[in-house]
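S.K.: According to Swiss-Prot, the record shows the following:
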- Lys35: active site, proton acceptor (ACT_SITE)
- Tyr261: active site, proton acceptor (ACT_SITE)
- Arg130, Met309: substrate binding site (BINDING)
- Lys35: N6-(pyridoxal phosphate)lysine (MOD_RES)
Amino acid sequence: MPRPIQATIHTAALRHNLARARLAAPDAKVWAIVKANAYGHGIERVFEGLRAADGFALLDLDEAQRVRALGWRGPILLLEGVFELRDLELCSRLDLWHTVHCDEQIDMLASHKTKVAQRVFLKMNSGMNRLGFTPQRYRAAWTRLNALPQVDEISLITHFSDADGARGITEQMAVFAEVTRDLPGERTLSNSAATLLHTPARQPGDGFVASDWVRPGIAIYGSAPDFPQHSATDWGLQPSMTLTAKIIATQTVDTGASVGYGSTFVADKPIQVGVVACGYADGYPRLCPTGTPVLVNGIRTRTVGRVSMDMLAVDLSAVTAAGGQVGIGSEVTLWGRAANGLVLGIDEVAQPAGTVGYELMCALAPRVPVLVAD
């Protein structure tokens, strides 16, 4: 019998969240971001739920080949571009669009022997200082690309560092707008946070530059890009991944007794504890402290003690106080939607561990069985 733990990918939630992104940017086309194996969900598992997107944006050629193998004939964008010259041949063969963010990538294009000109997205470093040409060098890079016969069309791209924070996008937007004001080509600027928070209606003072394409990532997987200011529910998003496990043992813990490695939890009254078949080897964060929320049979309660490699412990007091029956075999929702419909947002689990929902999704371990359901 398999170990009682399972992740479920919700196709209907993916469809819903993609539609929610479109609602926020009705005049833009939508890149569905499926990098990092679709944020840990699995590209093949999310494809049906996201196939209404206008394009798929991802990181490397392997992911691009997987999307093409699923039958997708629309646009695919390599967000970091190519890493070596021979990658350009596969870009031609698979009809991929790719980002250009450095002189070396322009050099590769210039030396690439092809009869098929390629579409590129020229990246500006508008303030994040990660990838892209500085504003001072951006137009020179555009001019150089525009002179290459290997290049068909140049689109313009940047990435916001603080779309989810107090600093916002005003400064970066102004820099991008000034440098690109008379350059042709489609623009793509907005990630999940910018798409949801910084629409013309919500932020009229931002010096808004419309995106021809928006790039929702975390939002299409049902996590709030600006948690805890807003929850996923506030944004009308639904969890695309649920992680459940079952109680495999129970213990009565007396006053003064401890639970788990390091005795980090000591009971101040007698409690019943459930031992759950999930640990950090499954992708649940070891740093989640006592008090991290969980759902047991759809009733909200808390973890107690330190998370082990294969197990964690939960306080069953709230469940029994609510009149619920609980014991070995009871279902525990670590994040996502419980059988009774109650949702535990992945962000609520990530925050006590000092991380973000993105990391929990990406950290789902290969040993966890995954079911795709509508």
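Each Cβ is built from the backbone N, Cα and C atoms, and glycine gets one as well.
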S.K.: Using a 10 Å radius around each Cβ and counting other Cβ atoms from all shown chains, which of the recorded positions Lys35, Arg130 yields the largest count?
M.R.: Lys35
S.K.: Work out how many Å separate Tyr261 (active site, proton acceptor) and Met309 (substrate binding site) at their Cα atoms, rounded off.
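M.R.: Cα to Cα, Tyr261 (active site, proton acceptor) and Met309 (substrate binding site) are separated by 11 Å.
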S.K.: Going by DSSP, is Lys35 (active site, proton acceptor) part of a helix, a strand, or coil?
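M.R.: It is helical.
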S.K.: Can you tell me the CA-to-CA distance separating Lys35 (active site, proton acceptor) and Arg130 (substrate binding site), as a whole number of Å?
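M.R.: Roughly 17 Å, rounded to the nearest whole number.
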S.K.: Which of the three DSSP states, helix, strand or coil, fits Tyr261 (active site, proton acceptor)?
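M.R.: It is helical.
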S.K.: Under a criterion of Cβ-Cβ distance under 8 Å and sequence separation of at least 6, what residues of the same chain contact Met309 (substrate binding site)?
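M.R.: Counting only residues 6 or more apart in sequence, the Cβ neighbours of Met309 (substrate binding site) under 8 Å are Gly279, Tyr280, Ala281.
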S.K.: Let me check the 10 A CB neighbour count of Tyr261 (active site, proton acceptor). How many other CB atoms are there?
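M.R.: For Tyr261 (active site, proton acceptor), the count of other Cβ atoms within 10 Å is 12.
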